[in-house]
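Peer 1: Sharing a structure here in structure tokens format.
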Amino acid sequence: MKIITGKKEFFAGIDAIKFEGPRTDNPLAYRWYDENKVVAGKPMKEWLRFAVAYWHSFNGTGADPFGEATHIFEWDKNADPVARAKDKADAAFELITKLNLPYYCFHDVDVVDYTNDIAENEKRLQTLTQYLKQKQEESGVKLLWGTANLFSHRRYMNGAATNPDFHVLSHAAAQVKAALDATIALGGENYVFWGGREGYMSLLNTDMKREKEHLARFLQASRDYARKNGFTGTFFIEPKPCEPTKHQYDYDAETVIGFLRQYDLLNDFKLNLEVNHATLAGHTFQHELQVAIDAGLLGSMDANRGDYQNGWDTDQFPTNLNELTEAMLIILEGGGFKGGGINFDAKIRRNSTDPADIFYAHIGGVDSFARALITADEILEKSDYRKIRQERYASFSVDTAKAFESGKAGLEELRAFAIAQGEPAVRSGRQEYLENIINNYL
Ligand code: XUL
Ligand code: CO
């Protein structure tokens with residue numbers, strides 16, 4: 001990929017990150033991500049479809065509730081908001097092209113600062129859309145998805161589409177309209193709705209039924225607008241159980257699937273699953289993946305990891321090979337993402353302040369997924385992992401079981417079968433054996 005820099009080189013001294021294989025001692029190289037290497041019938045880059053997240057990588061200042069910014073970005077210095085946004089776009093495309101990753105994702109306000117004036121915001125976003133479009137054309141980098149930030153501004157403190165104030169809801173609609181226009185103009189392949197503050201803090205002041213109906217209506221209206229204006233991609237809902245609200249309406253994959261079914265949105269919407277959102281919901285990420293795949297709705301994923309000692313969204317870069325291999329087993333068996341890819345919704349730590357840190361973070365995440373993909377494929381091809389799971393259900397091959405599965409055998413037939421067979425044999429689930437397979441192939 002051609003490296004694209006602006007007037008200034010923001011990551012001077014760091015060149016294109018190349019595949020050098022597992023034996024290299026270069027920390028600024030890929031050890032496992034060999035983009036054109038064919039795994040399970042297609043190149044790694046097509047399975048993984050990595051994206052860089054604009055918000056963490058180019059806006060995340062390292063500020064936390066206890067302290068000021070620690071990442072002082074060179075691209076964040078121009079006093080003019082549009083010029084500053086262009087510097088940021090230059091930095092973004094420099095990083096993405098140096099990392100040789102195919103996609104990026106953004107919220108509207110990541111790209112350019114917004115004011116309280118809807119028309120002015122639209123003008124700014126359109127200007128930056130033209131700028132980004134040119135950078136996409138020069139580099140070949142594509143937009144995996146766009147979205148609107150409907151949670152940071154003060155007006156959204158009680159929600160956006162689920163706000164009890166219709167005036168606020170209408171502002172959210174204006175913002176989504178502009179973000180959709182930008183996504184369409186940039187050839188964005190998908191559009192995401194993460195229900196930032198779509199939920200409640202207290203039921204004492206909340207009509208939950210009405211708010212959820214408003215959310216459905218808002219999604220329908222957004223879908224209709226986008227389709228009318230030529231958007232052919234997929235809409236994703238990104239589940240999260242809590243934070244910032246105490247209870248979010250898009251709690252987890254099962255909840256969202258039920259909601260999509262109830263409001264007839266299954267033809268247009270799929271899921272964007274985030275690792276640490278799954279953990280916060282009390283699930284493993286693997287569980288959420290399996291739920292989505294079983295429903296045919298695994299659209300995309302936000303890659304990160306939480307901290308097992310904390311109960312909030314730490315958005316760390318993924319590094320846990322064991323868990324990622326389990327995830328890739330499910331993704332591979334499920335046939336991959338439907339339209340989406342792997343977006344690094346992850347941030348470097350507050351005290352990671354070297355310009356190279358953002359490279360190490362992405363290299364680590366990319367290589368962890370690449371290695372997990374290779375390992376999962378080997379497990380599926382060479383081990384008895386699949387066979388063991390199939391054999392666990394072998395007893396369902398008898399006629400009575402088949403009749404049960406197809407709804408033809410009732411309790412009477414099952415009772416007769418139980419008596420004829422006698423007490424069932426004790427059969428092992430062989431969990432430890434299966435867990436060892438993962439380590440054996442890593
Ligand atoms: C927040 C989160 C968001 C969404 C996009 O937890 O994951 O960044 O991915 O709005
Ligand atoms: Co996310």
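Just so it is clear, glycine is given a Cβ too, placed from its N, Cα and C backbone atoms.
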Peer 1: With Glu238, Asp302, Asp345 listed by TrEMBL as Mg(2+) 1-binding, which of these, Glu211, Glu274, Glu378, is given for the same site?
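Peer 2: For Mg(2+) 1, TrEMBL names Glu238, Asp302, Asp345; of Glu211, Glu274, Glu378, the listed one is Glu274.
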Peer 1: CB neighbours of Asp313 (Mg(2+) 2 binding site) within 10 A?
Peer 2: 19
Peer 1: Measuring C-alpha to C-alpha, could you say which of the recorded positions His107, Asp110, His277, Asp313 are within 10 Å of Asp302 (Mg(2+) 1 binding site)?
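Peer 2: The recorded positions passing the 10 Å Cα test are His277.
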Peer 1: Can you list which of these recorded positions (Asp110, Glu274, Asp313, Asp345) have a Cβ closer than 6 Å to ligand 1?
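Peer 2: Cβ under 6 Å from ligand 1: Glu274, Asp313, Asp345.
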Peer 1: Tell me, which recorded positions from His107, His277, Asp315 are within 10 Å of Glu238 (Mg(2+) 1 binding site) if we use the C-alpha atoms?
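Peer 2: His277, listed in sequence order.
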